[in-house]
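First the structure, then my questions, so here it is.
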Amino acid sequence: MAEEVVVVAKFDYVAQQEQELDIKKNERLWLLDDSKSWWRVRNSMNKTGFVPSNYVERKNSARKASIVKNLKDTLGIGKVKRKPSVPDTASPADDSFVDPGERLYDLNMPAFVKFNYMAEREDELSLIKGTKVIVMEKCSDGWWRGSYNGQIGWFPSNYVTEEGDSPLGDHVGSLSEKLAAVVNNLNTGQVLHVVQALYPFSSSNDEELNFEKGDVMDVIEKPENDPEWWKCRKINGMVGLVPKNYVTIMQNNPLTSGLEPSPPQCDYIRPSLTGKFAGNPWYYGKVTRHQAEMALNERGHEGDFLIRDSESSPNDFSVSLKAQGKNKHFKVQLKETVYCIGQRKFSTMEELVEHYKKAPIFTSEQGEKLYLVKHLS
């Protein structure tokens, strides 16, 4: 039987809806489903429900505890005091947890950042998606200590992925290998696609590539560990990561991007006269995400939206919203006769639309709120 995964609440949370679950700080819970941003858990009273994933943290299993302990004994690493900003959640009497004081240090190994993380305490390190950090210490409570851009601090380990198996991995060597791969691509001229930018993009770190709307680039790599970003080369030879939803693959690919491109074609789309919500001015039926992006960028104003059939799930829908900088897309699932967006449920699509005209459909980490203002015209 599969080993059950235990998580511990980092903060109190009061359920806002029936499907959610009240939790208390330091409460132990059993993880049932972590496939979405809200995790389904079970408490000691055998009640189940959804909680925000950033309100809980995984605890190591007994098997992993044994492995860490054996490794620690082999390396001769002693117990040290854990970082004070992380709450002590493991009970000393429960041997299914690793002692929170155990850690591995002097690792000096590179890791790839999978998600953005904003430091909440002075001793934490903010992470930027797509960058590399040097892991210096690993604490058994799931927090690692590392350095980036001259800053040192703690961060949650599940926000990064290790580049290699060697604990003494050479970060400079890793960068050299990547640079060699880029040079190899330049020499061989291997181009996966030629793409054109739909709108401008300003990089937030050294690995990303700045570009303007209309720029043409060669796609030279599609990183497996970050499928939402492609490595591209501009006409001037500069290479970097670009968000793939900011570009469109040109239908008639030139052999190289040095040729003068023709602008990508985008058919004029309009509200659909067929489909589940035919006749509603916000329903565009079977249009692609790319077509929705193009229409919103060409004709829309901030807050304009449209609803389209989902490309990946035939019975579901997507809300596409014009937003400053980057448009947003929200999946709406049809479960029997109920329309679900995140944890919220609506009896009709019209009810969903009216709700998000009054309540924010998206709130950023900085507190920016986005609403459905009016349908695209």
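Glycine residues also receive a Cβ, built from the backbone N, Cα and C atoms like all the rest.
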Which of the listed residues, Ser44, Ser61, Ser85, Ser310, has Swiss-Prot annotated as phosphoserine?
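Of Ser44, Ser61, Ser85, Ser310, Swiss-Prot lists Ser85 as: phosphoserine.
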Looking at phosphoserine as annotated by Swiss-Prot, pick the matching residue from Ser166, Ser313.
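Looking at Swiss-Prot, the phosphoserine feature maps to Ser166.
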Report which of Tyr55, Tyr105, Tyr284 appears in Swiss-Prot with the annotation phosphotyrosine.
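Candidates were Tyr55, Tyr105, Tyr284; Swiss-Prot attaches phosphotyrosine to Tyr105.
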Along the domain 'SH3 1' (2-61), what average pLDDT does this model show?
83
For the domain 'SH3 2' (106-165), what does DSSP give as the number of helix, strand and coil residues?
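The counts are 3 helix, 34 strand, 23 coil.
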